[in-house]
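> Per TrEMBL, the feature transmembrane segment maps to B:12-38, B:78-99, B:111-132, B:160-189, B:210-229, B:272-289. The domain 'ABC transmembrane type-1' annotation in TrEMBL covers B:74-288.
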Amino acid sequence: MATVTLKDVVKRYGAVEVVHGINLDIAHNEFVVLVGPSGCGKSTTLRMIAGLEEISDGDILIGDQVVNQLPPRKRNISMVFQNYALYPHMTVSENLGFSLKIASRSKEEIEAAVQDAADILGLDELLERTPAELSGGQRQRVAMGRAIVRHPDVFLFDEPLSNLDAKLRTQMRVEIKKLHAKVKTTIVYVTHDQVEAMTLADRIVIMKDGHIVQIGTPLEVFERPVDTFVAGFIGSPPMNLIDGTIKNDTVVFSDGRSVPVPPDFSGKVVDGRRVVFGFRADVLMPKGHTLAESGVLHDLDLTIDLAEPLGSESILLSSFGGKDIQARMHNPRPVKGGEVLSCELHLEKCHLFDAETGQSLRG
Amino acid sequence: MTRLRRTIRENAVPFALISPAVLIILMVVLLPLIFSFYTSFSNYRLIRPDSLWDWVGLRNYKRIMGDWDFWVAFGRTVLFLTVALNLELLFGLGLALLVNKITWGQRTMRTIMMFPMMFSPILVGFQFKYLFNDTIGLVNNGLQSLGLTHEAIPFLVDRWLAFFSIAFAEIWMSTSIFAILILAGLFALPKDPIEAARVDGCSNWQVFKHITLPFLMPFIYIAMAIRSLDVARAFDIVDVMTGGGPAGRTELLWTLISRTAYDDARMGRANAMSYVAILLSIFFTWFFFNKLMEARKHLGAF
Amino acid sequence: MPSRTKTVLIWIVTFFIMLIICMPGLWIILSAFRTNGEILTKPAIWIPQNLTLDNFRAIFGFGENVVGIPVASYFRNSLVISITSTALALLIGMTGGYAFARYSFPGKKPAFLWLMLSRTVPGIALSLPIFIIWSRLGIIDTKFGVILVFTAINVPFTVWLTEGFFRQVPNDLNEAAQIDGCTRWQAFWKIEFPLAKSGIASAGIFAFLTSWNEYALASQLTRSTDSKTLPVGLMDFTAQFTIDWAGMCAMAVIIIIPALILTFLVQKHLIAGLTFGGVKG
Ligand SMILES: Nc1ncnc2c1ncn2[C@@H]1O[C@H](COP(=O)(O)OP(=O)(O)OP(=O)(O)O)[C@@H](O)[C@H]1O
Ligand SMILES: [Mg+2]
């Protein structure tokens with residue numbers, strides 16, 4: 001059973017603390033994605049799990065063994081690096097078989113394992129080439145092959161797709177997902193791309209400044225962000241966030257307009273409280289261009305500044321409550337700048353956050 | 001104390017790895033230098049070992065400050081280095097640009113260019129002593145056979161001719177360091193800025209001055225830094241070509257030190273002179289090292 | 001200027017420069033095969049009348065007119081001293097270079113700088129105290145004493161070169177190897193060393209040439225047949241009553257040959273090492 005457990009893990013470089021006591025339980029065969037802005041400590045966390053970075057405090061367990069002092073080779077993990085880290089002086093098959101060779105397995109065994117990995121990843125024709133003779137996507141695949149040959153307990157990925165172009169990235173994303181379905185191993189995956197996180201993860205871990213902000217399934221973090229940071233980070237386009245004040249069960253904005261307090265939050269806020277009102281573009285739609293949904297609706301008139309047609313929908317840019325906001329128009333028709341559209345807001349999908357701390361007021 | 005111990009424990013591996021290098025340098029360079037620093041304040045003479053304890057304070061330094069021969073040698077050394085380094089840079093740049101232009105046979109030429117670098121300085125000295133010899137030298141023989149002169153030209157005897165001959169040998173030996181490093185820079189030169197400049201209407205000369213040369217500067221300074229590490233190799237050349245003579249006419253700082261120490265056996269005074277020579281070397285290196293660091297920053301712009 | 005004329009001009013200039021570079025060496029080599037008598041003749045004889053190997057025989061102690069200079073011993077000394085000090089410098093320099101390339105530790109920058117600065121001390125200035133200390137230690141005029149000094153003067157540059165080469169090997173590879181089951185030591189020998197090998201070899205060749213060519217220190221630290229190196233031995237000729245130019249030329253050729261062979265071997269890597277190490281800080 002390859003669970004991974006982090007208990008109050010701290011990382012310091014000299015006097016600077018970059019990871020501040022994080023706790024995380026990863027289940028057997030779970031696909032966990034660490035996501036967060038650049039410099040938030042994702043790689044550091046991953047490298048501590050790998051044993052490439054010493055931990056300054058706390059415990060890391062793989063299975064039920066504390067691995068704090070174990071060197072990487074004793075942890076039975078594999079890792080795919082951002083730049084692939086293929087050995088340039090070895091052929092693809094030598095790269096794939098290297099770990100088994102170090103473990104002094106028999107030649108036949110190595111060959112069989114290499115063949116296996118090559119089959120899974122479609123590397124058959126490339127086995128005799130050197131890394132220099134491969135394309136980016138092929139290198140990526142070899143790096144993954146090298147990781148699976150050993151049947152490790154845990155796979156670690158550090159931004160494995162960030163060096164690929166957009167199209168290849170989508171394609172490899174699917175392959176990684178398929179790979180996980182095939183080899184069924186615990187995976188810890190680092191990325192700063194929230195789309196990757198949403199599509200791949202069983203659970204997402206959102207980090208900021210060396211802290212874990214939220215852990216949850218993709219849907220959970222999307223629908224119930226714990227604070228404005230997660231709300232702004234997950235989802236595209238980012239959530240609209242507008243400052244306002246509570247008055248008689250409505251949120252009043254700086255331009256005088258207002259919306260009712262969303263049903264989930266009624267009774268949780270008192271008059272005069274300063275809040276941030278949040279909603280995604282998807283829940284604000286012009287009438288006649290909505291998805292057939294029912295619920296608590298609130299009508300708004302919006303002056304559209306600009307429409308960005310995307311084909312099956314358009315993103316409408318407007319301003320509301322003193323902020324630039326985005327709304328979504330399904331089955332779009334051409335919209336001119338300056339046109340006033342009557343829209344409806346799905347109130348039960350809106351959020352309130354504390355103005356000072358940014359924490360969700362859901363309670 | 002505990003902090004020191006912790007630092008050592010946390011960095012045990014790198015400290016262990018660099019310790020052999022540090023130790024041997026301490027033993028063979030630093031320790032002797034400290035010792036010679038001490039002797040530069042003593043009246044130490046090789047033939048009288050007990051004179052090592054004969055503390056004379058700053059006398060050696062005072063003496064050399066007032067020693068006309070020393071200052072002449074010092075001035076000549078600085079002049080020599082300035083002339084040699086500048087000409088080496090100029091020729092090296094020219095040579096690199098030239099070889100860069102040539103497409104056919106370029107590899108061969110690059111290899112040939114490296115030969116002088118691999119020559120022992122003592123060989124370079126001997127080679128030019130032989131070539132510039134007034135009776136049997138190739139140069140004199142050649143000039144006489146062509147009927148350009150009848151008298152032998154005293155290349156190694158006349159004050160300025162000897163200076164010229166030695167500088168020639170030095171430049172012959174070291175130009176290639178510049179040429180090779182600058183050539184490496186030319187190979188690494190990005191094409192985009194040059195093309196952009198051409199599109200902007202720059203002439204060849206303007207492209208060279210505003211794009212190529214700034215890009216080459218770090219390479220030039222590396223060459224300078226490497227060169228300044230062993231400017232004192234010129235000692236070998238001078239020692240074999242003229243030995244500082246005749247009558248001290250080609251005396252450089254290093255030959256003067258050698259004579260004072262080993263011929264006159266005045267170790268104390270020679271060590272005092274050494275410190276002047278060491279400071280000179282360090283100054284040159286430090287100067288170019290700083291320039292290199294500066295130029296590196298500019299390189300980031302490309 | 002029409003491009004034809006320009007090309008021709010470039011070729012002429014190039015030819016002239018190559019002549020200046022090659023001529024002195026070639027002339028020495030030619031002279032090594034001529035008789036001393038012919039060299040001394042006035043007016044000069046340009047076309048050699050008879051080429052002989054006598055000079056080489058003479059300096060190695062065969063043939064009728066034996067030169068009183070034990071070139072064979074010097075050659076052996078040079079080889080022993082250069083090879084040993086190169087091996088040591090490489091070992092010490094490589095470990096140091098690896099540490100500078102791979103680890104960060106307090107005092108790293110100044111340590112590196114001081115290591116490099118130690119190389120700037122002029123040989124002659126260093127020779128004075130070493131001469132005295134080595135005499136006291138009883139290792140003056142021994143191969144061991146010279147090896148020690150040559151190792152030390154080669155270490156800084158070796159550190160510099162190898163540091164550059166190791167830095168070009170991405171640290172990822174060493175980490176990947178550790179994850180693949182290597183110890184740090186295995187990761188070094190199986191991954192990083194093979195990738196930096198050619199660079200390390202050229203650092204070695206450079207160290208060898210420095211030792212092989214060194215004169216300022218060797219001339220003071222060696223006195224006897226048992227420890228004198230070739231460059232020091234070359235000066236033996238000048239001490240004689242009449243200069244044996246032909247013999248000197250023959251000896252010069254002996255000194256040049258290893259240098260020329262090694263030049264061919266290193267040229268590519270050396271340039272790469274020098275520039276990458278220096279420019280891409
Ligand atoms: N060797 C080090 N010494 C000091 N600080 C470091 C070191 N390595 C990383 N850091 C710091 O630790 C923090 C976390 O770095 P980390 O590499 O984990 O970020 P990341 O989340 O992976 O970012 P990115 O998305 O850019 O890869 C950063 O602020 C970084 O500056
Ligand atoms: Mg990272």
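For all residues, glycine too, the Cβ spot is worked out from N, Cα and C.
In TrEMBL, annotation is done automatically, which means it is predicted and not curated.
For each feature listed, report its degree of burial, its nearest neighbours and the pertinent distances within the displayed model.
Sequence-distant contacts of the transmembrane segment (B:12-38), counting only residues of its own chain at least 6 positions beyond either end whose CB sits under 8 Å from a CB of the stretch, comprise 271, 274-275, 278.
Listed by sequence, the residues of this chain that lie at least six past the ends of the transmembrane segment (B:78-99) yet keep a Cβ under 8 A from its Cβ atoms are 106, 109-110, 113, 163, 166-167, 170-171, 174-183, 185-186, 216, 220, 223-224, 227-228, 231, 234, 252, 280, 284.
Proximity of distant same-chain residues to the transmembrane segment (B:160-189), defined by a Cβ-Cβ separation under 8 Å and at least 6 residues beyond the stretch ends, is recorded for 76, 80, 83-84, 87-89, 91-93, 95-97, 99-100, 110, 113-117, 119, 121, 124-125, 127-128, 132, 153-154, 212, 215-216, 218-220, 222-223, 226-227, 233-234, 237-238, 241-242, 249-250.
Listed as Cβ neighbours of the transmembrane segment (B:272-289) (distance under 8 Å, sequence separation of 6 or more from its ends, same chain) are residues 33, 36-37, 40, 60-61, 63-64, 70, 74, 77-78, 81, 221, 224-225, 228-229, 231-232, 253-254, 256-257, 260.
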> Going along the chain, which residues at least six beyond the ends of the transmembrane segment (B:111-132) come within the CB cut-off of under 8 Å?
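Non-local partners: 95, 99, 138-140, 155-156, 165, 168-169, 172-177, 179-180, 183, 233-241.
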